[in-house]
Protein chains: 4
Amino acid sequence: RRKRSQLKKDMEWHLKMLLLPRRNVSPFSHSPAASYTDSSDDETSPRDKQQKNSKGSSDFCVKNIKQAEFGRREIEIAEQEMPALMALRKRAQGEKPLAGAKIVGCTHITAQTAVLMETLGALGAQCRWAACNIYSTLNEVAAALAESGFPVFAWKGESEDDFWWCIDRCVNVEGWQPNMILDDGGDLTHWIYKKYPNMFKKIKGIVEESVTGVHRLYQLSKAGKLCVPAMNVNDSVTKQKFDNLYCCRESILDGLKRTTDMMFGGKQVVVCGYGEVGKGCCAALKAMGSIVYVTEIDPICALQACMDGFRLVKLNEVIRQVDIVITCTGNKNVVTREHLDRMKNSCIVCNMGHSNTEIDVASLRTPELTWERVRSQVDHVIWPDGKRIVLLAEGRLLNLSCSTVPTFVLSITATTQALALIELYNAPEGRYKQDVYLLPKKMDEYVASLHLPTFDAHLTELTDEQAKYLGLNKNGPFKPNYYRCWF
Amino acid sequence: RRKRSQLKKDMEWHLKMLLLPRRNVSPFSHSPAASYTDSSDDETSPRDKQQKNSKGSSDFCVKNIKQAEFGRREIEIAEQEMPALMALRKRAQGEKPLAGAKIVGCTHITAQTAVLMETLGALGAQCRWAACNIYSTLNEVAAALAESGFPVFAWKGESEDDFWWCIDRCVNVEGWQPNMILDDGGDLTHWIYKKYPNMFKKIKGIVEESVTGVHRLYQLSKAGKLCVPAMNVNDSVTKQKFDNLYCCRESILDGLKRTTDMMFGGKQVVVCGYGEVGKGCCAALKAMGSIVYVTEIDPICALQACMDGFRLVKLNEVIRQVDIVITCTGNKNVVTREHLDRMKNSCIVCNMGHSNTEIDVASLRTPELTWERVRSQVDHVIWPDGKRIVLLAEGRLLNLSCSTVPTFVLSITATTQALALIELYNAPEGRYKQDVYLLPKKMDEYVASLHLPTFDAHLTELTDEQAKYLGLNKNGPFKPNYYRCWF
Amino acid sequence: RRKRSQLKKDMEWHLKMLLLPRRNVSPFSHSPAASYTDSSDDETSPRDKQQKNSKGSSDFCVKNIKQAEFGRREIEIAEQEMPALMALRKRAQGEKPLAGAKIVGCTHITAQTAVLMETLGALGAQCRWAACNIYSTLNEVAAALAESGFPVFAWKGESEDDFWWCIDRCVNVEGWQPNMILDDGGDLTHWIYKKYPNMFKKIKGIVEESVTGVHRLYQLSKAGKLCVPAMNVNDSVTKQKFDNLYCCRESILDGLKRTTDMMFGGKQVVVCGYGEVGKGCCAALKAMGSIVYVTEIDPICALQACMDGFRLVKLNEVIRQVDIVITCTGNKNVVTREHLDRMKNSCIVCNMGHSNTEIDVASLRTPELTWERVRSQVDHVIWPDGKRIVLLAEGRLLNLSCSTVPTFVLSITATTQALALIELYNAPEGRYKQDVYLLPKKMDEYVASLHLPTFDAHLTELTDEQAKYLGLNKNGPFKPNYYRCWF
Amino acid sequence: RRKRSQLKKDMEWHLKMLLLPRRNVSPFSHSPAASYTDSSDDETSPRDKQQKNSKGSSDFCVKNIKQAEFGRREIEIAEQEMPALMALRKRAQGEKPLAGAKIVGCTHITAQTAVLMETLGALGAQCRWAACNIYSTLNEVAAALAESGFPVFAWKGESEDDFWWCIDRCVNVEGWQPNMILDDGGDLTHWIYKKYPNMFKKIKGIVEESVTGVHRLYQLSKAGKLCVPAMNVNDSVTKQKFDNLYCCRESILDGLKRTTDMMFGGKQVVVCGYGEVGKGCCAALKAMGSIVYVTEIDPICALQACMDGFRLVKLNEVIRQVDIVITCTGNKNVVTREHLDRMKNSCIVCNMGHSNTEIDVASLRTPELTWERVRSQVDHVIWPDGKRIVLLAEGRLLNLSCSTVPTFVLSITATTQALALIELYNAPEGRYKQDVYLLPKKMDEYVASLHLPTFDAHLTELTDEQAKYLGLNKNGPFKPNYYRCWF
C-alpha cells in the first residue's frame with residue numbers, strides 16, 4: 001500500500017494537471033447542459049447507492065441509472081454526427097479486430113465518448129471506464145452506458161477520493177485484467193504504474209490523447225521507465241489541424257460573440273502568435289472585416305503573416321489603439337501589466353493559446369483595480385480613472401470556456417483513438433518497442449478518409465501506371481511519415 | 001370613448017403587427033437577461049402599485065423602481081458603445097436644438113433606447129415614453145429612467161390592455177401636449193389618430209423606424225390622411241446597410257453556432273435570395289469554408305451572385321445534398337413541404353429574411369411528423385423513416401431570435417432617430433409637407449461621420465479647388481439624394 | 001457649309017474628347033495586336049484606294065480588304081464569348097425587331113463590335129459604320145465587315161480629316177437616310193447636328209454609350225435642343241457594375257503585374273476613393289495579401305471601408321510607408337507633388353479613376369526630376385537624391401492602358417446597346433419624349449438574364465401566388481426603376 | 001579524355017534535364033526582354049571574338065561586352081528589390097565570411113543572379129560562372145558582370161558544345177582551383193565528377209538549388225559516391241513556401257490573364273491536386289470569384305480542401321461543366337484524352353504542377369484534331385465537330401512560361417544560396433559529412449528575417465524569462481529541425 005504522503009503528492013500533481021488548461025481537451029461539447037435532467041437534488045453519493053441496470057448487473061457506479069433513457073437519446077444524436085465510428089462498426093460486422101481486447105479507459109464521459117466506447121464494444125473489446133475529470137461527466141450518458149452493460153464508474157462532481165476510487169474500480173477487478181489502456185491526461189496510466197505495475201506484463205499498449213499525458217509518456221520513455229508501447233494520438237496530423245487551425249477559425253468568433261455581443265467589422269485586433277491557432281484566428285477575423293495585426297518571434301511565421309496580409313508589429317506599437325488582444329503563443333507573460341495599463345477603454349483581452357499565463361492576469365489582482373463580473377466568463381477590470389478592460393474567462397482558454405467544440409472535431413479524435421487501439425492490439429510482435437509512437441501515416445490518412453463522406457467528397461484513385469510513376473502504393477500512405485508540413 | 005368593437009379590431013391589428021417578425025427590430029440586445037434581477041416573484045401589477053422615485057415623483061409606471069441602480073449600470077455600459085449620441089450631447093452643451101420639443105415615444109425599452117432618450121433630454125426635449133412591445137421592456141432600465149425623472153410607462157409582460165393604457169398615459173396628460181412623435185411600429189401614431197386627432201395640430205412631425213410603421217404611414221399618405229410630415233428612418237442608407245449586409249454577415253454565424261454548435265467548414269449551404277441580407281450570409285459562410293449555392297428570381301442579383309463566386313441554382317436542384325437551407329427573400333413559401341420532404345437527414349433550416357412564412361412551417365404540422373424541442377429555439381422535425389430536420393426558431397427570423405444585435409448597430413439607428421427629430425423640429429416652414437420623407441442625404445452622411453471615430457477613421461476633406469471641380473459643397477452632401485446604389 | 005473657324009473649333013473639341021481618358025471605353029480588348037497581320041508597310045491612304053469586296057461592292061473604305069479572312073476568324077472567336085448577342089440572333093429568326101431600321105454607328109471597331117453589328121443585321125437592320133477613335137480600329141475586322149457587305153469606313157491611324165470624312169460617308173448617302181443613331185463619344189451625333197439637322201426628323205432615337213457622350217446629351221436636353229429621345233446606356237446597372245466593380249477587381253491585378261511584375265503579398269497599398277472602382281481594387285488586393293489603406297471624403301463610403309476591414313486614413317498619414325498608391329476618385333490633384341516628394345523609394349503610383357489629373361503628373365515635369373522610360377507605360381521619375389517613383393501610364397487609366405477588358409464585359413455593353421436600339425425603335429409613339437432615358441429596369445434585367453447561361457446559372461421563377469404576394473409581374477421588373485442601390 | 005560515346009550520353013542526359021520543366025526555376029524574371037538591346041544581328045560566335053573589358057581583362061566570354069552599361073542598370077534595379085543580399089554586403093564590410101572562397105557557379109544568368117554573384121564577391125569570394133541553360137542568359141547582364149571583372153562564360157543561344165565549353169572554362173583554369181560549387185541542375189557537378197574528380201579534394205561543399213540537381217545528389221549519396229557535403233537549398237522551408245504557395249497564388253492569375261484575357265468571376269474551375277501549389281491556385285481563384293472544384297488522391301489533403309470550402313470531386317464528375325482545368329499534382333496523365341474529349345467548347349487547360357505529362361498532350365497529336373496557334377503559348381485544339389480546347393504552353397508549366405517570377409521570390413532563393421555557401425565554407429571540421437543536408441533551421445530563419453524589413457515588419461524578441469520557459473535560445477532556432485508542418 002502506498003503511503004499517505006505519496007497519495008497526497010499524487011493528488012497535488014493531479015490537481016495541477018486539472019488546472020492546466022489543455023488545448024485539445026473538450027469536455028463540454030454539448031454546452032446546454034441545462035437541458036439535462038441533471039438537477040436532481042439527490043445528495044447521496046453514488047458510492048453509497050445500490051443500483052442495478054435492467055439486466056440485473058450492478059458492476060458500475062453512476063449518479064442515477066434511471067436517467068439512462070435521456071442519455072441514450074443524446075448518444076443517438078451524437079451517432080448521427082460521428083459517421084466514421086459508425087462506419088467502423090459496420091466494417092466490423094465480419095471481423096472483430098478487437099476481439100479479446102480488454103480496454104480500460106479514462107476520459108471525459110460525454111455522448112461522443114459513449115459512441116467511441118460502444119464502437120470499441122462492437123469491434124469485439126470489453127471495456128471498463130472512469131472519468132478523467134471530476135466535473136466533466138454527463139450523468140445521463142454514464143447511466144445509459146451502464147444500462148447497456150458497460151462498467152462505468154463516473155459522475156459529475158466527484159471528490160478527489162472518488163476520482164481515484166473510480167479508476168481503481170476499473171482496474172482492480174476479480175478475474176479481469178486489462179490488456180489495453182486508453183488514457184486522457186495520464187492519470188489512469190499513473191495509477192497502474194503506482195499500484196499495479198505487474199499489470200503491464202499483459203498490457204499491449206497505451207493510447208494517450210492529451211498534451212500532458214503525452215508529455216509524461218515521453219518523460220517515462222526518456223527515463224527508460226516506459227514498459228509498453230504508447231501511441232501519441234494528440235499529435236496526429238489530422239487531429240492537430242482540426243483542433244487548431246480549423247476549430248479555432250470558428251471558435252474565436254463564437255467565443256467573442258457569446259461573451260461580448262461585439263461587432264467584428266472595423267475592429268482593430270492584435271493576435272499574438274502566428275502558429276496554427278493564430279492563423280485560424282487571423283483568417284476568421286479578417287474575413288469578418290476586422291483589421292488584424294500580428295506579433296511573432298519566429299521570422300518564418302512572421303514572413304507568412306506578412307504574405308497573408310497582416311502587419312507584423314511589436315505589441316507595444318499597437319497596444320494603445322487596438323480593440324481586442326488575443327494571445328495564441330504557448331508562451332507566458334505575452335500580455336503584461338504594462339500592456340494592460342496602456343490599453344484603451346473597453347479593450348477586450350482573451351487567450352486562445354495554451355496556459356492562462358499568456359496574459360499576466362495575476363498582475364491585475366492589485367488593490368487599485370476593481371474587478372466586476374458582468375456576465376459568466378466576463379470580467380470588467382476597472383482602473384482608477386474609470387478605464388475598463390474586458391477580460392474573458394480570466395485568461396483561460398476562450399474556446400474551451402466560452403464556445404463549444406463541434407462533434408465533428410471530436411469524431412476525428414475518437415476515430416483516431418479507436419484506430420490507435422486497433423493498431424497497437426494487432427501489431428505483430430516487434431513492430432512497436434517500449435517507446436512513444438505517432439500514429440502511422442497510413443492510419444492518419446484512414447481517419448481522414450472516414451470523414452470524407454460527411455462532405456460528400458470523392459477521392460481520386462491512382463491508376464497502376466500513376467502509382468508506379470510516383471513510387472506509391474495505390475492505397476497510401478501518400479506522404480512520407482515525416483511529412484507534416486505540406487498539410 | 002371608443003366602442004368596444006373598435007378596440008377589439010385595434011387589438012387584433014396590433015397583435016398581428018406584433019406577430020409579424022420585423023427586420024430592424026432588435027428588442028433583446030443584451031440577451032443574457034439571466035443576469036438581471038428580474039426574477040422577482042412580485043405578482044402585483046405595476047398599475048396597482050404606488051411608487052415614487054427618490055425625488056418624489058410618481059409620474060411613471062414601471063415594474064420596480066428599486067431596480068434603478070442595476071439599470072443605470074446597464075445604461076452606462078451602453079453609453080460607452082454609443083459614441084455618436086454622446087457626441088451629440090457634447091455639441092448640445094451650448095445650443096439646445098430640441099429646446100421646447102415635447103416628444104412622446106413608443107419603442108423597445110432597452111439600455112440603448114435609454115441612451116437615446118437621455119440624449120434627447122440633453123438636447124432640450126421633454127419626453128414621455130411607452131413600450132412598443134409587451135415583452136421587450138427591460139424592467140431595470142425602465143426603473144433607471146423613471147428614477148432620473150423620465151415619465152416611463154412600461155414593463156415586461158404587459159397585457160394588451162396594459163399596453164394601450166401605457167400609451168395613453170404618455171399622451172393623455174394634463175397640461176402637457178406632445179409636439180413630436182417617435183414611433184416604432186405605428187401603434188402610438190395609431191392611438192393618437194384614433195383618440196386625439198386634434199393633437200396633430202401642434203405636432204411638427206413623426207419619426208418612424210419600423211417597416212410596418214413606415215408602410216402604414218405611406219398608406220395614410222396615399223389616402224390623403226397624413227396630416228403632419230413623417231420621416232422614414234427605416235430606409236436611411238446607413239441604417240439599411242448596417243441592419244442588413246453588415247449585421248447579417250455576423251449574425252448568421254452567431255445564430256447558427258448558438259443553436260446548433262455546428263462546424264461551418266465544408267458544409268453545403270443554399271441561401272435563397274441574394275439581396276443585402278443574402279449577400280451578407282453568403283460572404284460570411286464562404287469565408288468560414290462553407291460551399292454556398294444561391295437561388296434568385298432577379299437576373300441582376302443572380303448575375304452578381306455568379307460574379308461573387310456562387311453557383312446559381314434552383315432550390316430543387318440542390319435540396320437533396322445541402323446541409324443548411326437559409327431563406328433571405330422577403331417572399332413566402334420559398335421552402336415548401338416538398339422541399340422539406342426531400343432534404344437529407346440532419347439538414348438545418350432557418351430564416352434570415354422577413355416573415356416566418358418564407359419557410360412553409362405550417363406544412364410541417366401534420367400528424368405523421370413528430371416535433372421534438374431539443375433546445376430553446378431548436379426543433380427536430382422527425383419523419384416516419386427517422387429522418388430529422390433541424391428547424392430553427394420555428395422559421396421566424398434567426399438573428400432576431402437566436403443571436404444578439406451589436407450595440408453599434410443600434411447606435412446607428414438611435415442616432416438617425418435623434419437627427420430626424422432635430423431636422424423635423426427645426427425645419428423652416430414649408431420644407432416638409434404632409435408626406436413621408438427620407439432622411440436628407442446630408443444627415444445620413446452626418447450619422448455615418450459620427451460613427452467614424454469608433455474606428456479611429458480619418459476622413460479626407462476636399463480642397464476648395466477640388467470641391468469646385470466636382471461641383472460639391474465641401475461639407476457634403478457628397479452624393480445626390482437619389483444615390484443609394486453605389487453605397 | 002460650315003466655316004473653317006467652326007470646323008477648327010469642332011476639331012479642338014473633338015481632340016479634347018479624345019484625350020479625355022474615358023472609363024467604360026475599351027478599345028483594345030485584344031491587346032496582342034502584334035499577332036495581327038497589320039504590319040503592312042502600305043502607306044497609301046485608304047481613301048485613295050480602289051477596293052471591292054468579293055461581291056463587287058465598293059461601298060466601304062478600309063485599310064485592306066484582303067485581310068478579311070483573318071478578321072473573320074477574330075469575329076468567330078469573339079462570337080463564342082458573346083452568347084447573349086448570339087441568343088438574340090436566334091430569337092430573331094422569326095420576328096425581325098429591327099426590320100426597317102437604318103442604323104448609323106460610330107464606335108470602336110473591334111471583333112466585339114463586329115458581333116454587335118452583325119447581330120443588328122440579323123435583327124433586320126441596315127447599318128453604316130465609322131470609328132469613334134482614330135487609333136482603335138482593327139483593320140482586319142473592318143475588312144471582314146466590309147467583305148460581308150457592311151459599309152464600314154474606318155482604319156487604324158486616321159487623320160482628323162479622315163475621321164470626319166468617314167463619319168460623313170456614313171451619313172451623307174444617296175437614297176439612304178438613317179433612322180437610328182448608335183454613338184460612342186457623341187461625335188456622330190455632333191456631326192449630324194451641325195451638318196444635317198434635318199435628318200433628325202426621321203430619326204427615332206440615339207443610343208449613347210460613353211460618359212462624355214451622355215454628358216453632352218444631358219446638356220443638349222437642358223438647353224432644350226435635344227430633338228429626339230436618347231438612351232443613356234452608360235448608366236445601366238448591369239453595365240456599371242461590370243465596368244466598375246467586377247472589371248476593376250481583376251484589372252487592377254492584371255495592370256500592376258503586366259507593368260511591374262511585383263508581388264502583391266505583404267505590400268502596403270493606399271487606395272484613394274471607395275466607390276465601386278475603389279471597392280473592386282481593395283477587395284482584389286486584400287485577397288492577394290496586400291495591406292490596404294483607404295482614403296475617402298464621403299462618410300458613408302468611409303464607414304463601409306471600415307466595416308469591410310480597411311483602415312481609413314488621410315493620404316499624408318501613410319504616404320511615407322506605402323508601396324503602392326492607387327487613385328479611384330473621379331477627383332483631381334488627389335496625389336499632389338507634395339505627396340510624391342514624400343513617397344518612399346520604388347513606390348508605384350497609378351490611376352484607376354477617371355481623368356489623368358487625379359495624380360498631379362504635371363507637377364513632376366520639373367527640371368530637378370529625371371524621367372526614365374523603363375518599359376512601355378512605365379516611367380521612373382528620379383529625385384536628385386536617387387529616389388525613384390514608378391509612374392504607370394503617365395497617370396492615365398491603368399486598366400485602359402495596361403490591361404485588357406474581357407470580352408464578357410464588352411458583351412454586356414453590346415447587348416445593352418442592341419436592346420436599347422430595339423426599345424427605341426419599337427417604342428409606341430409617346431413612350432419617349434425628347435429627353436435622355438435610362439434603359440428600363442426590365443430590359444436591364446433582360447441583359448443580365450441573357451448572360452446567365454454563360455455561368456450555367458438557373459434562375460428561379462416566381463409562382464403565381466408568390467408574384468401576387470410580392471405585387472410583382474412574374475417576368476419582372478423585379479425592382480423599381482429607381483432601384484440602383486441594393487444591387 | 002572521355003570517349004565520344006560517353007559524351008553523347010551525357011549530352012542526352014543533359015538535354016533531357018533541360019527539357020524537364022522545373023518548378024523553382026525562373027529564368028525569365030524580366031520577361032519584357034523586348035526592351036533589351038539584344039536584337040543585334042551579330043552572328044559571330046562569342047567563342048570566336050576577341051573582347052576585353054575596360055580594365056583590359058579578357059578572362060570571360062560573353063555576347064557583347066559593349067552591352068555592359070545596359071546590364072548594369074538592370075542589376076541596379078534588381079538590387080533595389082533584393083534588400084537581403086544588400087544587407088549581407090553591409091554586414092560583410094568588416095568580416096569577410098567568404099574570404100579565400102573560390103566559387104565556381106552554374107546558374108541562370110539574370111540580373112538577380114548578378115546581385116548574388118556580386119554579393120559573394122563583397123563577402124570575399126572569387127567567382128567563375130557559367131550558365132545552366134543555353135537560352136536563359138541575359139547577354140547585357142553577362143556583359144556587365146564581365147566588365148566589372150567577373151569571369152563569366154555565357155550567352156543566350158549557346159550550342160550544346162558551347163554549353164560544356166563554358167563550364168569547362170570556369171573550372172579548367174591555370175593557377176585557380178575552386179573550393180566551393182554553386183549549381184543549379186547538377187551539370188557543373190556532373191562535369192567535375194566526370195572530368196576532374198581530383199578537384200573534390202579541395203572542395204568544401206556543393207550548394208544545389210534545383211529538384212533535379214538535388215535528386216542526383218541524393219542518388220550519388222545513396223550510391224556512396226558523394227565525396228563532399230552538399231546543401232539542398234531547394235527544400236528549405238522559406239524557399240518552398242514562396243516558390244509554391246505564395247508565388248503560385250499570384251502567378252496562376254497572371255498566367256491565365258496574359259494568355260487568355262479571360263474574366264475569373266463566375267468561372268467554374270477544377271484544380272487537380274491540393275498540395276501547396278494547388279492551395280495557392282485555389283485560394284486566388286476563389287478570391288476572384290471563381291467556383292473551384294478540387295481533385296485529390298490523399299485523404300488528408302482532401303479533407304483540407306473540404307474544410308477550406310472546395311467541393312472534392314473526381315475529375316470526370318465535373319469535366320463536362322468546367323471552364324478551366326488546372327493540374328498541380330506532380331503526377332502524370334492526370335488529364336487524359338478521354339477527359340479532353342468530354343470538355344466543353346472553349347475550355348482552358350493548363351499545368352501548374354511539375355512535368356508536362358500531367359496533361360496527356362501527346363494524345364492530342366492525332367490527325368482528326370487540328371492545332372491552331374492563336375497567340376504565343378496559346379493553342380486552340382479543334383475537334384471535328386468544331387469544339388475548341390484552349391491549351392496553354394503546350395502543357396508545360398504555366399507560370400514558368402506565361403508569367404514572371406517576382407524578384408522578391410528570387411531574392412529568397414539567392415539569399416538562401418549565399419547563406420548555404422557561407423555555412424558550408426565556414427563549418428568546423430566534422431559538422432558536415434559526405435551527405436546531402438538541408439539548410440539548418442536557424443539559417444532558414446535568418447533568410448526569413450533578412451526579408452522582413454521589406455514589409456517594415458517588426459519581430460518580437462523573447463525575454464530571458466520567456467526563452468527559459470519555452471526552452472529556446474533567444475536568437476532561435478524557434479522550431480525543431482524536423483518542423484516543417486506548422487509553417
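Keep in mind that glycine also has a Cβ here, set from the backbone N, Cα and C atoms.
Bear in mind that TrEMBL entries carry predicted annotations, made automatically and left uncurated.
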Additional site residue, A:Asp161, A:Asp162, A:Asp168, A:Asp184 [criterion: listed by TrEMBL with A:Thr110, A:Glu209, A:Lys239, A:Asp243 for substrate]: A:Asp184
Binding-site residues in contact range of chain D, given that the Cβ distance is under 8 Å, out of A:Lys239, A:Gly275, A:Glu276, A:Val277, A:Lys279: A:Gly275, A:Glu276
Count of other CB atoms lying within 10 Å of the CB belonging to A:Lys239 (substrate binding site): 22
Integer Cα-Cα distance in angstrom, A:Gly280 (NAD(+) binding site) to A:Asp243 (substrate binding site): 10
CB contacts for A:Glu296 (NAD(+) binding site) [other CB atoms within 10 A, all chains]: 29
Local confidence of the prediction over the domain 'S-adenosyl-L-homocysteine hydrolase NAD binding' (A:244-405), expressed as mean pLDDT: 94
Candidates A:Thr110, A:Lys239, A:Asp243, namely the binding-site residues, that fall within 10 Å of A:Val277 (NAD(+) binding site) by Cα distance: A:Asp243
Spatial neighbours of A:Gly278 (NAD(+) binding site) that are distant in sequence (at least 6 apart) but have CB under 8 A: A:Val271, A:Cys272, A:Val294, A:Cys301, A:Cys328, A:Thr329, A:Met352
Structural state of A:Gly275 (NAD(+) binding site), classified by DSSP into three states: coil
Candidate binding-site residues A:Thr110, A:Asp184, A:Lys239, pick with smallest Cα gap to A:Gly275 (NAD(+) binding site): A:Lys239
Residues A:Gly275, A:Glu276, A:Val277, A:Gly278, A:Lys279, A:Gly280, A:Glu296, A:Asn399 [recorded NAD(+) binders]: greatest CA to CA distance in Å: 21
Neighbour-count leader, CB within 10 A, binding-site residues: A:Gly275, A:Gly280: A:Gly280
Whole-number Å value for how far A:Asp243 (substrate binding site) lies from A:Asn399 (NAD(+) binding site) (Cα to Cα): 11
Alpha-carbon spacing, A:Glu296 (NAD(+) binding site) to A:Asp243 (substrate binding site), which is rounded to whole Å: 21
Cα-Cα distance, maximum over A:Thr110, A:Asp184, A:Glu209, A:Lys239, A:Asp243, record's substrate binders, Å: 19
